[in-house]
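As given in TrEMBL:
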- 6-123: domain 'G' (DOMAIN)
- 10-17, 57-61, 122-125: GTP 1 binding site (BINDING)
- 189-304: domain 'G' (DOMAIN)
- Gly193, Lys194, Thr195, Asn196, Val197, Gly198, Lys199, Ser200, Asp240, Thr241, Ala242, Gly243, Ile244: GTP 2 binding site (BINDING)
- 362-438: domain 'GTPase Der C-terminal KH-domain-like' (DOMAIN)
Amino acid sequence: MVSFVIALIGKTNVGKSTLFNQLTKTNHALVSSQPHLTRDRKYGYLQLKKQDIMIIDTAGINTFYNIKENIKKKTFYQTMIAINEANLIFFIIDIHNKITYEDEEMIKMLRKKNKMIFLLLNKIDKIHNYKWKINEYYYLGIKNIIPISAKNKQGINTLLKKYLNSWIYTYATNMPSLVYKKKEKTINISIVGKTNVGKSTLLNILSNQNRVITCNIPGTTRDSITMPIFFQGKKYLFVDTAGIKKTSAKSINNLFNMQTFQTIMKTHISLFVIDALENISHQDLNILNIIINSGNALVILINKSENLSLQDKKKIKEYLLLKNTLIKFIHIHFISALYNYGIKQIFKFIDEAYIYSKKIMKTAQLTEIMKNAIRHYPPIFNTKKKIKFKYAHPGGYNPPVIVLHGKHLSLITNMYKRYLLNFFQKSLQLKGTPIKIVLVKNINTYKK
């Protein structure tokens, strides 16, 4: 059970996301020299002395004062939520820069909220004799000042073993515990789609809070945002990914695309969001293929569909099926994240897809289906070598894997393999999940 929450606070580009990755031993927070990369709050976990500690990465605080842009106001709101959730603040400063008015005002605000503060002086690897610089920060009245290099892990052990362990021991009896259990069985879901299709609005409505910044500027979500959600006694872990764009290899958006693809591979189910107000593009179809090829269970959500007629919905379904026959058993669900239309049913489709993706199959059942498929439509071959199927057995789940054994199976065409996929999918009635077929050549152990 998580008993402590630490928020990483500081100006842009002081190393908060790098420290987040080091503490959580992940690369979930995007790291770049470009300012304002982090906009939403991001959650991760650190285990110290058998204590589960939640770490929250936040946006840069130099966007907080005299702000006029709507997106900066929403960013500020996200960081304030993180501060309110936290028991302890890691206030991070680039040791090369002087304390600013914004830093001082933020520290004053944290004191008013009775937050314990550790002042972390980051990037000491780039400065000689950094110890004398520490004296410049004592006037702030913060007792715990710790020099570190998040990039090179310098000072991290001291931070954890000396300072954080001591704080946990001192304050453990006074810390309110959270209800979130890290190791509880969870369904992991990625929300995927192009930019500005409503992924963040969907996550906000699913979680009943303004967890993710939303506005009509494409690319508002910069990296993957994780949100645990409880619904009807079950726990789900949703990951709102950055919108997938066509980018050059040097573009900062290429970082977001890469992390989105990695997130798809790490989750059980993908919610693929399409904008009903736009024509389905080649990019949409490419994303759909990526999800199917990943093996993830899948639910297709057509967002902004509150004004679509039944005929419009039918046309969208028919077009998607025409472009990819493998989605015949995938739910295509029409929603409006903005107006909370069709949202509750999403959990039903997630549960169904997850159950079918882990369905236990038996060798006898799969072998019988294989024989029926061959009887219905035998494979055509143009060589003297005859294709001969022996038997089928399960080879894994999430996605369900079916292993077919036989002779000369390498001669099977892609068209016939697609036929087998569709036949197994129809016979097994596996809704919401793709299946994979593996062809294995029988080896004669007696042949020398």
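Using N, Cα and C of the backbone, Cβ positions are placed for all residues, glycine too.
Just so you know, TrEMBL annotations never went through curation; they're auto-generated.
Sequence features annotated in TrEMBL and their locations in the structure.
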{"residue": "Gly10", "record": "GTP 1 binding site", "Cβ within 10 Å": "25"}
{"residue": "Asn13", "record": "GTP 1 binding site", "Cβ within 10 Å": "19"}
{"residue": "Lys16", "record": "GTP 1 binding site", "Cβ within 10 Å": "30"}
{"residue": "Thr58", "record": "GTP 1 binding site", "Cβ within 10 Å": "26"}
{"residue": "Ile124", "record": "GTP 1 binding site", "Cβ within 10 Å": "21"}
{"residue": "Gly193", "record": "GTP 2 binding site", "Cβ within 10 Å": "26"}
{"residue": "Thr195", "record": "GTP 2 binding site", "Cβ within 10 Å": "18"}
{"residue": "Val197", "record": "GTP 2 binding site", "Cβ within 10 Å": "27"}
{"residue": "Lys199", "record": "GTP 2 binding site", "Cβ within 10 Å": "30"}
{"residue": "Asp240", "record": "GTP 2 binding site", "Cβ within 10 Å": "29"}
Rounding to whole Å, the Cα atoms of Ile124 (GTP 1 binding site) and Gly193 (GTP 2 binding site) are apart by 40
Roughly how many Å separate the Cα of Lys199 (GTP 2 binding site) from that of Thr58 (GTP 1 binding site), to the nearest whole number? 20
Rounded Cα-Cα span from Thr58 (GTP 1 binding site) to Asp240 (GTP 2 binding site), Å: 16
Kindly state the mean pLDDT of the domain 'G' (189-304) in the predicted structure. 76
What does the structure give for the C-alpha distance between Thr58 (GTP 1 binding site) and Val197 (GTP 2 binding site)? Integer Å is fine. 24
